[in-house]
Amino acid sequence: MPRAARLGCAAALGPLLVAHVVAAIDPISVGIAIGAASAITGYLSYTDLYCRFAECCRKEQPLNASALKLDLDEKLFGQHLATEVIVKALTGFKNNKNPKKPLTLSLHGWAGTGKNFVSQIVAENLHPKGLKSNFVHLFVSTLHFPHEQHIKLYQDQLQGWIRGNVSACPSSVFIFDEMDKLHPGVIDAIKPFLDYYEQVDGVSYRKAMFLFLSNAGGDLITKTALDFWRAGRKREDIQLKDLEPMLSVGVFNNKHSGLWRSGLIDRNLIDYFIPFLPLEYRHVKMCVRAEMRARGAAVDEDVVTRVADEMTFFPKDEKIYSDKGCKTVQSRLDFH
C-alpha cells in the first residue's frame, strides 16, 4: 500500500492515531552484523552501526546546499524564484542550530509547474529515502480530509499525528498537497506547532519542516508573468517582492485556498510564499529532454518537438504558456 494511503481510511482516519511503526529488523541479525563490523573497523557505537542497517533520525541532519541547488538547477525548469528561495530558506534553516520556529513554505502555481517535484527534491535532500522515509509525511487533502462534516475529527487526528512523529524525529517533514481542496479551518489545527514556542506539551517543533502545495494564486502569478512578457521584460526579471505580497493576501481571502482567513497567515507563521511561474514552450521541451534521459534514452530533438507541439498553450492569442505545464509530458512521450 502506498505511504500516503496508510492515512486514508475515509470515515474515521483511524491510522492517524496509530503510533508510527518502523520496519523491524531481526535483532540477532543486527547483533551479528554489528559484531562483525566492529571486529573489522574497530569500535563504533551501537547507534552508528545500527543506523547503517536501518533508517535513523540523527540529531544533526546536515544539508548539502550545493547538492540541493544542483538538483534544482538540473531538474526544475523555468522556476528561478523557487530555486533561489528554497535553497536560501533551507540553507539558513539547517545552518541554524537553534531555530525559533519550524520552517514553513507555501508553494503556489498551476498544475505541472513543479511544486510536487520540488517537494520530492527537498525530501530527498533532507532524508535519503525521500518520500519513502519514515520521517517524511505526505497528506493529500482529497484523500485524508475528504468530508467537511468531519473537520473537528481531522483537526484532532492531525495534531496527534504530527505530535507523535515529531516526538520520534524532531526533523520530520510534513507535506500537505492539494491545499486548495482542503476544507477551511483544518490546517489551523497545526498553528501551535508552527508558532514561536520553545515547546508545546513537552515537544519542540522548531526543527520540523512544513510544505504546503497549492494551485491557489495561480491566476495572480500568471497575470504578473503575462504583464512582464507584454512589457517586453524577461521572466527572470520577476522578483519575489513582485508576487509574494499579493499571494499572501490572495490566498488569505480565497475561500478555496485551504488558508482562507487562516491564523497561519494572520500570525505570519508562513516563512515564504513561493510562486511557480507558468511554463513556456521552451520549458516544456526541457521537460521532455529530461524525461528521455531519465528513461535512459538518447535525446531525439524531433521527438522533443513533436511532444511539445502536442501541448496546448494560452492565452488564446499569444499562446505563451502551457496550460498543463509539464504534467502530461510522461504520458505523451509514451506514444513516441
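Cβ from N, Cα, C; glycine included.
Automated prediction, rather than curation, is the source of TrEMBL annotations.
Here is what TrEMBL records for this protein:
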BINDING   Gly109, Trp110, Ala111, Gly112, Thr113, Gly114, Lys115, Asn116  ATP binding site
DOMAIN    279-335  domain 'Torsin-1A C-terminal'
SIGNAL    1-24  signal peptide
Least Cβ-crowded entry, counting other Cβ within 10 Å, from the binding-site residues listed as Thr113, Asn116: Asn116
Cβ neighbours within the same chain of Trp110 (ATP binding site) - under 8 Å, at least six residues apart: Asn215, Gly218, Ile221, Thr222, Phe276, Pro278, Asp323, Gly325
Cβ-Cβ distance under 8 Å to Lys115 (ATP binding site), same chain, at least six residues away: Leu107, His108, Gly109, Leu213, Ser214, Phe276
Residues close to ATP site centre defined by Gly109, Trp110, Ala111, Gly112, Thr113, Gly114, Lys115, Asn116, Cβ within 8 Å: Phe117, Asn215, Phe276, Gly325, Lys327
Neighbour count (Cβ, 10 Å) for Gly112 (ATP binding site): 22
Counts of helix, strand and coil residues, the domain 'Torsin-1A C-terminal' (279-335), according to DSSP: 29 helix, 5 strand, 23 coil
Averaged pLDDT, computed only over the residues in the domain 'Torsin-1A C-terminal' (279-335): 96
Those residues of the chain, 6+ apart, with a Cβ under 8 Å from that of Gly114 (ATP binding site): Leu76, Phe77, Gly78, Gln79, Ala82, Phe276, Gly325, Cys326
